[in-house]
Structures are given as C-alpha cells and as structure tokens.
Amino acid sequence: MPFTTFSTAEKYRYQNGFDSHLESSAIDGALPVGQNSPQKPALGLYAEKLSGTAFTAPRHENKQTWLYRILPSCAHPPYAPTPEATTEQWAKGEELKYIPNQLRWDPFDHDESKDLDFVSGLKLVAGAGDPVQKQGLGMFIYAAGKSMDETSAFYSADGDLLIVAQEGDLDIRTEFGWLLVRPMEIAVIPRGVKYQVFLPSGPARGYALELYQGHFKLPELGPIGSNGLANARDFQVPVACFTEDVGRTASEGGRKHTVTVKFNNALFATTQPHTPFDVVAWHGNYYPYKYDLGRFNTIGTISFDHPDPSIFTVLSAPSPLPGTAVADFVIFPPRWLVGEDTFRPPYYHRNTMSEFMGLITGGYDAKRGGSGGFVPGGASLHNVMSGHGPDAASHEGARGAELKPQKVGEGSCAFMFESCLMMGVSEWGLRTCKKVQEGYSEESWSGVVTHWQGAKGLEIKSHLV
C-alpha cells in the first residue's frame with residue numbers, strides 16, 4: 001500500500017478519473033471541435049452516440065459517449081441464437097432457488113481445457129431480478145483456459161459487468177482501448193460496450209457481478225469529508241486504439257468477425273466482415289475503467305467498536321430508496337485494528353442485505369482457512385436475515401486476544417457483493433459445480449461456546465406490571 005506491486009508490469013497508457021468527461025484520439029484531428037456530429041466527420045469517420053442512460057436523464061446522472069469510428073455498429077447481418085448458451089450458464093430468474101441457509105463454496109475449478117474462454121467460462125452462481133425490466137443483478141464465477149479468438153467480440157445488453165480478477169491476468173480489448181486487469185484489480189465494462197479477453201499469463205479465474213439496474217458510483221463520504229475510501233483520481237480509463245480491418249463497404253472486404261451479445265440471459269451472434277474495434281476517437285463519460293484495490297484508503301475506528309462494513313465500500317449502485325444499494329462492492333484489505341475493549345473481527349449479525357463474499361488472496365480474519373474453510377477462489381452467501389459472523393475458533397481467539405495495535409490481512413484481500421435484494425442460487429451454484437461445503441454452518445458455529453455465567457444469586461426483574 002498505497003498501491004499494489006504487481007508481478008506483471010503495466011503496458012498501456014490510461015486517462016485518470018471517475019465519472020469524468022474524458023476524450024481520447026488515436027490520430028490528431030479525429031475528434032470534431034465544438035460539435036458532436038459534423039456533416040462529414042474528419043478522416044471519413046462515422047459519428048455514433050453510445051447512451052448509457054435515457055437522453056433525458058438528469059445532467060448529473062446522464063451517461064453518454066460519442067464514438068468516431070470507421071464503420072457504424074449497425075452494419076452487420078441479423079443476430080441468431082447461439083447453441084453455446086446453456087440455461088446452466090445463464091439461468092433465468094424463475095430458475096433460481098431461494099433458500100435461507102448459509103452457503104460456502106470451496107475454490108471453483110479452473111477450466112483449463114481449450115474449450116472455455118472468458119465468456120463461455122462465466123457461470124451464474126446467484127442473482128435476483130430481471131434484465132428485461134432493468135432490475136437486479138447476477139453474481140458470477142469465471143474460469144477460463146484460453147483467450148477469446150482475435151476475430152471475436154462480446155457485449156452484454158443486460159447490464160454493466162464488474163470483474164474481480166483472482167488468478168491470472170486479463171488483457172481486455174474494448175471499443176475504447178485496452179485494459180490490463182491483474183489480480184488485485186477490478187474492471188467495469190458498461191452495458192453495450194464490445195470487448196474481447198486475452199489470457200497473457202495462462203488460465204484465469206475470478207468473480208463478476210452484472211448490474212442490470214443503473215450504474216456504479218462512488219459512495220458518498222458524509223462526515224469523512226472530501227477524500228478517503230476509493231478516490232476518483234485512481235480510476236484508469238483506456239486511450240483510443242483502433243484496427244483497420246475493413247473493406248470498401250460494410251458488407252465486403254475484411255476478415256470475418258463474430259460478435260456475440262448477451263440479451264435477456266441468452267446469447268445471440270452475428271458475423272460481419274469488419275472489426276468492431278475501429279473507434280479512432282471518442283469523448284464522453286460512459287466508458288470502461290479499472291481500479292487497483294491497493295489504492296483504497298481504508299477508514300476505521302481509532303477508539304472502540306467495529307464500524308459497519310459499509311465503511312469499506314469501493315463502488316455502489318443505488319436503489320430508488322435513499323441509502324440502500326442494489327449492489328455494493330466492498331473490500332477488506334490490510335488494515336490496522338486499535339479499538340480498545342473491542343471485539344475486533346466483524347460482529348455477529350443478521351442483515352436486511354444479502355452478502356456474497358469472495359477471497360482474492362491470503363486469509364480472512366473472521367473465518368478459518370485451509371481445507372473446508374474460506375480460501376482464495378471460494379465464496380460464501382449469507383442471504384437476507386440469515387445470521388452469520390466469525391466461526392467459533394475465530395471468536396474465541398478474538399475474545400481472548402491481547403488488545404494491542406494489530407495489523408490484520410497483510411497480503412490478503414477479501415471482498416463482498418452486497419445487495420438489498422434476496423439472492424436466488426442457480427442450479428450450477430447449488431449442485432452442478434459440486435463445491436458447496438455441506439457442513440459449513442455446523443463446522444462454523446456448532447462449536448460456539450456458551451459463556452453465560454448464570455443468574456444464580458442475581459436479582460431477576462419481573463416482566464409483569
């Protein structure tokens with residue numbers, strides 16, 4: 001800290017800022033000056049507007065970008081359903097199982113076969129809502145063994161995709177330019193943006209959240225002030241980079257490129273004779289971005305008691321109810337604990353929010369690791385009002401610990417997808433993956449010790465008038 005030392009060196013240039021109006025041009029003069037859609041854009045380009053919100057959304061919420069590209073996105077044959085899309089991979093809302101039990105998964109398998117790339121390696125674990133109504137979210141695991149084909153592209157019409165890299169680097173090409181996403185970095189690919197994922201360091205695994213509703217924002221800081229948590233300057237945005245792989249017209253010339261779209265949890269594809277990565281310049285505030293979790297400025301108590309986990313929020317997607325999120329992305333990075341007369345791990349609680357946790361690296365101070373524990377590449381789900389907290393061993397250790405300043409989580413980072421919605425679990429997440437720890441609840445809390453000293457000799461007040 002205050003940034004991550006990565007084993008893979010950065011290789012791209014970026015712009016910096018969150019929700020800023022940015023512009024980038026791979027060729028000087030490609031961006032028009034003082035207008036968005038000239039009669040004849042420079043260099044023979046087409047102007048195309050990409051809107052992430054309604055045209056009439058309030059100015060402070062409006063998201064749009066103007067793209068200046070060699071051919072417009074509409075120049076393609078009709079889409080057709082793809083046989084690769086399975087209900088197991090993209091479960092519909094009515095196929096999810098809603099259960100109150102606490103769940104925990106062993107590390108999900110690496111799919112190192114040549115058959116699975118980033119898109120085919122995505123598996124829905126849990127979710128709620130409906131992309132048709134633009135409500136709710138889906139929570140995924142990805143495990144990929146090969147790069148996407150260089151003549152393929154993917155986009156989702158269902159929502160923004162938040163990617164949490166856990167093992168293996170992701171070299172992501174987008175219409176806006178390139179992002180190198182390494183473990184301990186996250187990336188967000190907005191709804192509708194085409195991209196492809198390459199695996200420069202071999203097989204990759206991680207987590208993802210698809211947000212059907214709205215967009216991620218930085219949380220309000222309130223009494224914290226104007227700085228802290230995730231700072232806007234630390235978010236990195238691609239610079240324009242394009243390929244000339246086109247013919248004389250949109251229907252003839254270049255190599256065949258397959259574009260696949262996720263549309264209402266089903267996949268459709270088309271093949272076009274020109275690349276979708278032909279954006280020479282762009283400007284706007286709707287774009288992909290990445291963030292190094294090592295730059296998170298952790299805030300905590302310096303007196304007593306454990307603060308609510310909301311203090312660790314990196315990104316938030318608000319619901320219409322003030323102070324309540326459709327999705328929060330929360331991390332638990334290395335931090336100092338100094339609270340006096342304080343039980344320092346997260347307290348036992350039941351929450352109106354659902355909590356899906358994953359572990360990027362290291363160990364988590366409130367759960368044991370090792371075989372059958374909470375380990376990197378695994379996950380847990382504590383649904384609405386399902387009680388949870390430190391396992392018995394972690395509780396006893398914290399209860400009897402010497403309360404001196406202590407740094408926890410060195411070399412570790414856990415995260416949480418939190419939502420106000422009740423989470424349903426997919427058939428893949430509940431059974432097919434065969435990673436559910438059947439004894440999780442009993443192993444974690446059946447050994448919780450009764451420290452009650454009894455009321456013998458003490459006056460018990462009557463509850464009657």
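Here the Cβ of each residue, glycine as well, is placed from N, Cα and C on the backbone.
On a predicted model such as this, the values are computed, not experimentally measured, just so you know.
These come from TrEMBL:
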- His306: active site, proton acceptor (ACT_SITE)
- His349, Glu355, His388: Fe cation binding site (BINDING)
- Tyr364, His388: homogentisate binding site (BINDING)
- 13-293: domain 'Homogentisate 1,2-dioxygenase N-terminal' (DOMAIN)
- 295-451: domain 'Homogentisate 1,2-dioxygenase C-terminal' (DOMAIN)
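Recorded features from TrEMBL, shown on the structure.
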residue	record	Cβ within 10 Å
His306	active site, proton acceptor	16
His349	Fe cation binding site	12
Glu355	Fe cation binding site	22
Tyr364	homogentisate binding site	25
His388	Fe cation binding site	23
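In this structure the C-alpha atoms belonging to the residue listed as 'active site, proton acceptor' and His349 (Fe cation binding site) are separated by 12 Å. Shown in sequence order, Pro346, Tyr348, Arg350, Asn351, His382, Ser386, Gly387, Gly389 are the same-chain residues outside His349, Glu355, His388 whose Cβ sits within 8 Å of the Cβ centre of the Fe cation site. The average per-residue pLDDT of the prediction over the domain 'Homogentisate 1,2-dioxygenase N-terminal' (13-293) is 94, rounded to a whole number. The distance from the Cα of His349 (Fe cation binding site) to the Cα of Tyr364 (homogentisate binding site) comes to 17 Å. The two recorded residues, Glu355 (Fe cation binding site) and Tyr364 (homogentisate binding site), have Cα atoms 15 Å apart. Looking at Tyr364 (homogentisate binding site) and His388 (Fe cation binding site), their Cα atoms lie 15 Å from each other.
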